[in-house]
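Enquirer: Per TrEMBL, the features are:
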- 68-86: transmembrane segment (TRANSMEM)
- G74, V77, N81, N339, L468, S472: Na(+) binding site (BINDING)
- 98-119: transmembrane segment (TRANSMEM)
- 146-168: transmembrane segment (TRANSMEM)
- 228-246: transmembrane segment (TRANSMEM)
- 253-272: transmembrane segment (TRANSMEM)
- 300-321: transmembrane segment (TRANSMEM)
- 333-354: transmembrane segment (TRANSMEM)
- 456-482: transmembrane segment (TRANSMEM)
- 494-513: transmembrane segment (TRANSMEM)
- 525-546: transmembrane segment (TRANSMEM)
- 567-592: transmembrane segment (TRANSMEM)
- 612-637: transmembrane segment (TRANSMEM)
- 717-739: region 'Disordered' (REGION)
- 723-739: compositional bias 'Low complexity' (COMPBIAS)
Amino acid sequence: MPKNSKVTQREQSNDHVTESVADLLAHEEPFDCKNSSLNVGGAPGKKVPQIEVPENDGRPTWNSKLQYILAQVGFSVGLGNVWRFPYLCQKNGGGAYLVPYFILLLIIGIPLFFLELAVGQKIRRGSIGVWNYVCPSLGGIGMSSLMVCGFVGLYYNVIIGWSIFYFFQSFQYPLPWSECPIRRNGSLVIVEPECEKSSATTYFWYRQTLNTTSTIADSGGLNVKMTLSLLVAWIIVCLAVIKGIASSGKVMYFSSLFPYLVLFCFLIRGLMLKGSVDGIAHMFTPKLEKMLEPKVWREAATQVFFALGLGFGGVIAFSSYNKIDNNCHFDAVLVSFINFLTSILATLVVFAVLGFKANIMNEKCIAENTEKILGYLNSSVLSYDLIPPHLNFSQLSTSDYAEVYRVIKTVKEDGFAQLGLDPCLLEDELNKSVQGTGLAFIAFTEAMTHFPWSPFWSVMFFFMLINLGLGSMIGTMTGITTPVLDTYKVNRELFTVCCCVVAFFCGLLFVQRSGNYYVTMFDDYSAGLPLTVVVILENVSVAWIYGTKRFMQDLEDMLGFRPCIIYFYLWKYVSPICLILLISATVIEMAIIPPGYNAWVQELAEERFQSYPPWALTMCFSLIVVAMLPLPIVFIARRFNLMSDGSNKLSVSYRKTMMKDISNLEEQDESRFILGAKPGEAPPIAPAGRPYLTPAGNKTLDPNSLSPNICYGTSYQNPAVSPTTPTTPITPATPESDS
């Protein structure tokens with residue numbers, strides 16, 4: 001053996017050795033890989049040509065870092081930022097809600113978002129391939145994630161369809177939801193009773209848009225207008241994702257940035273409206289006592305969880321198209337804070353506009369009650385002596401009406417209830433909580449009817465909703481197509497078109513006249529609990545099965561620096577505990593609150609809560625079971641060797657990295673493989689029985705147990721060694737004398 005070989009250097013050293021990853025792969029003590037008899041097809045001393053792997057494994061990559069960031073922002077910033085976060089902020093203490101939200105963003109959101117970005121970028125595969133690699137027994141995580149993406153995509157695109165319908169309806173003046181329709185019966189002209197009992201925007205939403213039935217049991221047949229809108233929505237989504245990131249990346253330049261332009265325009269316009277400051281002040285006035293309620297923290301954790309798109313697979317899929325040395329830690333922090341600040345911006349816009357609407361409704365209330373008071377004065381039910389002489393009933397201000405109301409209530413204490421006067425408090429209007437479709441298609445839409453140039457603002461608003469939804473749908477579809485295309489070699493374009501066609505026909509369930517109730521069902525049951533389970537298993541598989549130390553070492557190799565030690569404790573302890581508490585709270589809430597939906601009752605022109613019938617209740621829990629079913633199935637199948645571990649589907653680039661590291665062992669500084677060694681230091685030899693430092697901790701080396709499968713979770717074997725051929729360990733040789 002040459003005197004200058006690394007094995008000879010080790011034999012001549014009296015120091016201790018820490019086994020390298022390359023040595024562990026070889027099933028042997030350290031050896032000279034070029035001159036060893038274990039070389040593939042070569043004799044000792046004979047050099048064998050190295051295996052060359054192309055630098056590009058054929059996987060597409062993002063054209064630029066900006067394109068990738070916009071894709072992640074477009075996926076995480078969605079409709080929930082506009083109509084869910086403001087509602088939770090108002091409901092849970094205003095500005096005080098931001099404190100638990102921000103804390104949970106730091107201890108749950110950013111660490112888990114960073115984890116998903118890192119595993120996707122390192123392994124360069126979609127959700128199925130990533131979790132097959134990290135822990136084959138929990139490979140069902142990727143499949144469950146794909147199932148949830150499918151369920152969410154079905155109903156989420158229906159909401160985009162609704163936005164498309166409103167978008168095209170906005171190209172007319174006056175807006176069709178600005179006034180109640182008139183019904184003519186001969187010479188008699190009356191206002192539509194259902195509209196008169198509710199409001200013009202409410203009537204347009206429930207009757208002219210959805211034409212909804214009164215119960216989920218009454219399907220009512222297909223709604224043709226919504227069916228066509230859904231078809232348009234799926235065509236747009238299909239065109240956006242048909243070429244993968246080559247097409248979706250370009251779409252993201254517009255769909256991710258345009259909503260910010262609209263939000264800033266609405267904020268500037270909203271601040272110029274009367275009452276906007278009242279709405280913003282009401283929104284951010286902190287109710288500190290709310291911070292002590294566990295429910296506030298639970299809802300904040302849930303919002304953080306879904307705002308970043310954790311568990312859907314879209315985050316992993318997008319990051320898998322990155323270069324291996326991309327700084328995904330910076331990306332995680334940047335996207336998380338952009339998401340948070342976008343929620344704040346959307347909240348400012350929503351409550352500036354709702355403050356304007358509240359002032360209009362309050363003035364309308366004062367005008368109506370002033371007419372009542374004048375009627376009582378003229379009929380002598382009330383005395384003119386009760387009215388302060390300085391008041392002008394033709395222009396009664398909010399403070400003047402409050403004074404009159406207080407005086408009448410004091411004087412007519414016994415018979416005040418019979419007068420039917422309302423207090424007309426601005427606070428009461430601002431406290432009316434609306435979220436989801438109620439905020440976007442009713443409350444906000446009604447406020448825009450009072451804007452100058454209302455059609456323009458309506459077009460802008462619904463075009464913004466379409467783009468917000470499109471960004472999220474692109475991420476959802478990528479979470480479906482990427483793992484499937486990574487696992488099965490099928491044509492991308494054909495598979496994407498087939499997915500969209502199947503999804504459209506499945507989505508017909510949601511464009512029946514009762515379809516709105518199915519949207520509510522899927523939103524409540526198809527994603528919440530299954531995704532929480534998926535994410536906690538992701539966390540556990542990386543932190544406890546793959547090993548947090550090992551993962552931190554991978555990150556250091558990948559990023560060029562070691563992430564802050566706080567991530568070690570967050571991944572290993574804090575995040576799993578928080579997620580377990582969140583799952584427990586979710587299950588308890590589902591057990592306590594009866595499953596049901598808010599049905600629109602046409603005769604009463606209002607919503608009423610109704611419990612699901614038995615068949616619908618079965619459907620609700622079937623969504624949860626079906627989404628989580630791959631987890632136990634894959635676990636059992638691989639436990640009993642009924643299914644391959646998926647190692648043959650691993651990233652080519654990851655194999656390339658390992659093979660190049662081994663083939664270039666002599667030319668490169670071997671210390672890069674040795675944990676804890678400094679570059680340039682010769683590795684010392686290990687004494688017998690010394691525990692080996694592994695990423696999972698200190699373990700004693702067992703030649704019969706260490707294998708690439710244990711080290712890497714794969715089934716790579718050294719082709720020169722037969723599994724049945726015993727190998728003789730190389731014993732340290734006596735150092736050669738100078739003579």
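Numbering starts at 1 and runs along the chain as displayed.
Backbone N, Cα and C atoms are what each Cβ position is placed from, and that goes for glycine too.
What you are looking at is a predicted structure, and each value in this text was computed from that prediction instead of being measured.
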Enquirer: Take the Cβ of S472 (Na(+) binding site) and count every other Cβ within 10 Å, whichever protein chain it belongs to.
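Expert: S472 (Na(+) binding site): 28 neighbouring Cβ atoms within 10 Å.
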Enquirer: I'd like the Cβ neighbour count for N339 (Na(+) binding site), meaning other Cβ atoms within 10 Å of its Cβ, all protein chains included.
Expert: 24
Enquirer: Residues sitting near the transmembrane segment (253-272): Cβ under 8 Å, six or more positions beyond its termini, same chain?
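Expert: Non-local partners: 67, 70-71, 73-74, 77, 342, 345-346, 348-349, 352-353, 356, 451, 457, 460-461, 463-464, 467-468, 470-471, 474.
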Enquirer: What is the set of residues, excluding G74, V77, N81, N339, L468, S472, whose C-beta falls within 8 angstroms of the centroid of the C-beta atoms at the Na(+) site?
Expert: V73, F75, S76, G78, L79, G80, S256, P259, T342, G471
Enquirer: For the transmembrane segment (146-168), which recorded stretch in the set 333-354, 494-513, 567-592 gives the largest number of Cβ pairs separated by under 8 Å?
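Expert: Per the Cβ count, the answer is 494-513.
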Enquirer: When only pairs 6 or more apart in sequence are counted, do the transmembrane segment (333-354) and the transmembrane segment (228-246) reach 3 or more Cβ pairs under 8 Å?
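Expert: Counting Cβ pairs under 8 Å (6 or more apart in sequence), the transmembrane segment (333-354) does not reach the transmembrane segment (228-246), since there are fewer than 3.
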Enquirer: With Cβ-Cβ distance below 8 Å and at least 6 positions apart along the chain, what are the contacts of G74 (Na(+) binding site)? List them in sequence order.
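Expert: Set apart from G74 (Na(+) binding site) by at least 6 residues yet with Cβ under 8 Å, we have M252, S255, S256, L470, G471, S472, I474, G475.
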Enquirer: Assess whether the transmembrane segment (494-513) lies in contact with the transmembrane segment (456-482), where contact requires at least three Cβ pairs under 8 Å among residues 6 or more apart in sequence.
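Expert: They do touch: at least three Cβ pairs between the two stretches lie under 8 Å.
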Enquirer: What residue among the binding-site residues V77, L468 has the most other CB atoms lying within 10 A of its CB?
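Expert: Max Cβ neighbours within 10 Å, all protein chains included: L468.
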Enquirer: Applying the under-8 angstroms CB criterion, which one of 68-86, 98-119, 228-246 scores highest with the transmembrane segment (300-321)?
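Expert: Most contacts with the transmembrane segment (300-321): 98-119.
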Enquirer: Report, as numbers and ranges, which residues of the same chain sit near the transmembrane segment (228-246): CB under 8 Å and 6 or more residues beyond its ends.
Expert: 60, 62, 67, 71, 157-158, 160-162, 164-165, 318, 321, 470, 473-474, 477-478, 481-482, 492-493, 496-497, 500, 503-504, 507-508, 510-511
Enquirer: Pairs of Cβ atoms less than 8 Å apart decide it: which stretch in 68-86, 98-119, 567-592 has the most with the transmembrane segment (456-482)?
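Expert: Between the stretches 68-86, 98-119, 567-592, 68-86 has the largest tally.
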Enquirer: Report the same-chain neighbours of N81 (Na(+) binding site): residues 6+ apart in sequence with Cβ closer than 8 Å to its Cβ, ordered by sequence.
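Expert: Same-chain residues close to N81 (Na(+) binding site) (Cβ under 8 Å, separated by 6 or more) are A307, N339, T342, S343, A346, L468.
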